Amino acid sequence: MRYIKSMTQQKLSFLLALYIGLFMNCAVFYRRFGSYAQEFTIWKGLSAVVELGATVLVTFFLLRLLSLFGRRVWRVLATLVVLFSAGASYYMTFLNVVIGYGIIASVMTTDIDLSKEVVGLHFVLWLIAVSVLPLIFIWSNHCRYTLLRQLRTPGQRFRSAAVVVLAGVMVWAPIRLLDIQQKKVERATGIDLPSYGGVVANSYLPSNWLSALGLYAWAQVDESSDNNSLINPARKFTYVAPKDGDDTYVVFIIGETTRWDHMGIFGYERNTTPKLAQEKNLAAFRGYSCDTATKLSLRCMFVREGGADNNPQRTLKEQNVFAVLKQLGFSSDLYAMQSEMWFYSNTMADNISYREQIGAEPRNRGKTVDDMLLIDEMQNSLAQNPEGKHLIILHTKGSHFNYTQRYPRSYAQWKPECIGVDSGCTKAQMINSYDNSVTYVDHFITSVFDQLRDKKAIVFYAADHGESINEREHLHGTPRNMAPPEQFRVPMLVWMSDKYLASPQHAQMFAHLKQQAEIKVPRRHVELYDTIMGCLGYTSPNGGINQNNNWCHIPDVQKVAAK
């Protein structure tokens, strides 16, 4: 006991790091390394060693940094690190839970009764048993030589700072090396995998809950800032809800780089959309994006027309339609194969999971990270919201370059393909790979429909921008005032389930949509806000919905004819 009391704060931090990093993560080690052992390679063995070391060193790095606040504050913060890590380890060990944004958001909910429901006697016993030893160490130790004190003491500054910096470098450098190695494997095989460092950070304590907590805090600050700075249509306008909307499911699929002129349903010579072509409840429009890059389009495609400035950076002025639906009583989940966190937080979604978190899920370890992983997330979301009035946002990777990485080998029907980034592909090879990716998009979209056929549901799809695939220009992102037309060509789809169409009003809306699609009426991103609200049956007596932009608005002449 005397040794524990007299131990330096640096030694105590390392001892705690061993306990948290190794003991509390042992269930994760077992699951991750168990799969490594089945097909062992030198790189997998090296990965195991790196991950073991990283969990210890990152915890040591954290605890030493926290001692910059002084001895008393360090004890409190270290106690919280131990307790939070012990609590998280219970769910990771016994329930195989991946601690991410959604878990943290659920824990931080203001509904304390709901949070209590997941805390039982076994959890309390585990928390006490796992935490008691490190807490005794923390509160018995004199905490001599905190980093704050050492930095203030001549002769100790360089050495103490060097140890902390070295720990950080020893975490970052090996993981970075393995990340580079994984990228080489991806380029050689055409298989797309999540960031190695991102998966590691989302898999182990304490980095998983710390990163999720940081993301949650940032989202709250960002949301609060946006609430104060952005115009809120839900407050500015009056929205009248439809009488039969409380059991409705809404899904919005955000596509990536897919062009309508490479889709069979729009007359393209190749049958790239065989499944969508069979959908009787689908209205498909030739659309035009508001910009040519993902980040810019996400700013302007979900707000009211004029809700984003027309400047190069597309400065936001208003909240988006998803935030408005949330304020109108919808629950919402967002699942993404990308990492546009600024946008995700602006949706006010109850739960957000992005590609690294999804890739870290036990059921997804070792799998290619493609859009179909979102289907499992969607199924869970539907199961957890059986009553409806629920919004699901799916942000896909769609047809983004490298096109060949966007689909499995079974979808490689047009060859030769563009295999690698540096392989100097011909235009024909790039088009073959691009068209294969569009066929996989077709499969993904109809898989979303399959989850909703027995529900009262409406699905919207719109790609964020188009793509250039020719000898002179490639990819996208050209400034919109000089971008070629193909970078603006995006498919925009509306699908309604049979139960949704059982309503005469909805059936009339859909008939109007089909009529407009058949005569090839062009549609725009900036019409999505009014269309989503209008197709759900919302009305606004004071201008909250621009009927000129509402695809589901039936002109008075047609209403009279219908009667």
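Any Cβ shown, glycine's included, is placed from N, Cα and C.
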Membrane side match, Ser6 / Gln505, Swiss-Prot record: no
Among 80-100, 118-138, 160-180, stretch most in contact with the transmembrane segment (49-69) (C-beta, under 8 angstroms): 160-180
Long-range environment of the topological domain 'Cytoplasmic' (70-79) - Cβ separation under 8 angstroms, sequence gap at least 6: 9, 16, 63, 135, 138-139, 143, 146, 148
Other parts of the chain folded back onto the transmembrane segment (118-138), taken as Cβ under 8 Å at six or more residues beyond its ends: 4, 12, 15-16, 19-20, 23-24, 75, 78-79, 82-83, 86-87, 89-90, 94
